[in-house]
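Have a look at the structure below, then the notes.
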Amino acid sequence: MFADAGLSAHIANWQRDLGAIRRLAPLTLEAYLRDLGQFVTFLSAHTGGEVTLQTLKGLRAADIRAFLAARRNESLGSRSLARALSAIKSFFGFLEREGILASEALNTIRTPKQPRSLPKALTVLEAKATIRTTDELEDTPWVAARDMAVISLCYGAGLRISEVLGVSRADLEASALRVTGKGGKTRLVPLIAPVRQAIDTYLSLTPFHPGPDEPIFRGKKGGPLSPRLIQLRMQQLRGALGLPPSATPHALRHSFATHLLGKGGDLRTIQELLGHASLSTTQIYTAVDTERLLESYRAAHPRA
């Protein structure tokens with residue numbers, strides 16, 4: 001990063017603030033740091049020198065727009081551009097709260113509009129086949145049971161992969177699971193029998209026994225399980241089952257919501273189960289369900 005020592009120290013303090021106080025999800029925190037690093041690198045080239053607090057104080061709206069334009073020219077999508085701007089605003093907000101500097105330049109920058117894409121869900125048969133096939137791809141019994149439990153929680157409980165990998169024994173109740181989601185908010189999610197059984201099978205086979213408040217899902221060396229390993233497992237499942245590239249761990253969460261809504265699930269209940277702060281976020285699944293109905297209509301109706 002092309003920042004002087006003083007600015008680098010403030011960035012480190014901002015990072016601690018996001019992680020410890022704001023409780024940003026690890027993947028979001030990583031993305032924010034990457035976005036800010038790219039902004040600083042751009043400013044260094046743009047201004048022709050090391051970036052300091054004085055550089056930031058002298059920023060104009062045109063400088064920030066130039067950064068966004070440069071990123072757009074690198075084929076960065078609207079969603080990623082919006083996140084980059086959010087990271088920059090977060091850092092400047094931190095500096096202002098700390099009484100270090102205030103900048104008016106950001107106030108005139110609008111967040112890039114994001115196309116509202118529909119979540120891509122698997123069919124019920126595809127989701128069930130994904131779970132059923134998981135243990136056929138692994139020879140080590142406890143690893144196969146682990147991956148089946150993880151994937152079962154994504155589809156059978158609608159959890160984000162980060163939420164699944166954070167589950168501890170203390171979170172497990174007889175028929176429910178306490179989930180810590182975005183922003184450190186907790187919710188209680190029911191565990192249907194097959195999901196509970198998958199977890200119990202894993203716990204009975206795993207050679208590792210972390211403390212009650214530590215994540216239960218472990219890697220082969222006993223450390224916390226990396227989400228990358230589950231992504232690789234899903235990649236294997238896509239190949240084995242002929243699923244599209246959109247069949248990811250997060251697509252299983254989308255499938256949970258879509259299938260629940262298709263069976264008459266209440267939107268408010270689905271919002272609570274998914275841990276969405278706003279109902280408008282959950283309402284996108286009504287569009288998914290409508291589109292699915294239209295596809296069925298077009299396929300079946302003789303005049304369609």
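Every residue gets a Cβ built from N, Cα and C, even glycine.
Just so you know, TrEMBL annotations never went through curation; they're auto-generated.
Listed features, source TrEMBL:
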type     : residues : note
DOMAIN   : 5-96     : domain 'Core-binding (CB)'
DOMAIN   : 117-298  : domain 'Tyr recombinase'
ACT_SITE : Arg160   : active site
ACT_SITE : Lys182   : active site
ACT_SITE : His250   : active site
ACT_SITE : Arg253   : active site
ACT_SITE : His276   : active site
ACT_SITE : Tyr285   : active site, O-(3'-phospho-DNA)-tyrosine intermediate
Number of Cβ atoms other than its own within 10 Å, given for His276 (active site): 18
Three-class DSSP secondary structure - His276 (active site): coil
Listed active-site residues Arg160, His250, Arg253, filtered to Cα within 10 Å of His276 (active site): none
Length of the line joining the Cα atoms of Lys182 (active site) and Arg160 (active site), in Å: 10
Local backbone state of His250 (active site), from DSSP in three classes: helix
For Arg253 (active site): intrachain residues, at least 6 apart, with Cβ closer than 8 Å: Cys154, Tyr155, Gly158, Leu159, Arg160, Leu274
For the domain 'Core-binding (CB)' (5-96), the number of residues DSSP places in helix, strand and coil: 76 helix, 1 strand, 15 coil
Active-site residues listed as Arg160, His250, least Cβ neighbours within 10 Å: His250
In three-state DSSP terms, the structure that Arg160 (active site) belongs to: coil
Lys182 (active site) - helix vs strand vs coil (DSSP): helix
Around the Cβ of Lys182 (active site), the count of other Cβ atoms that are within 10 Å: 15
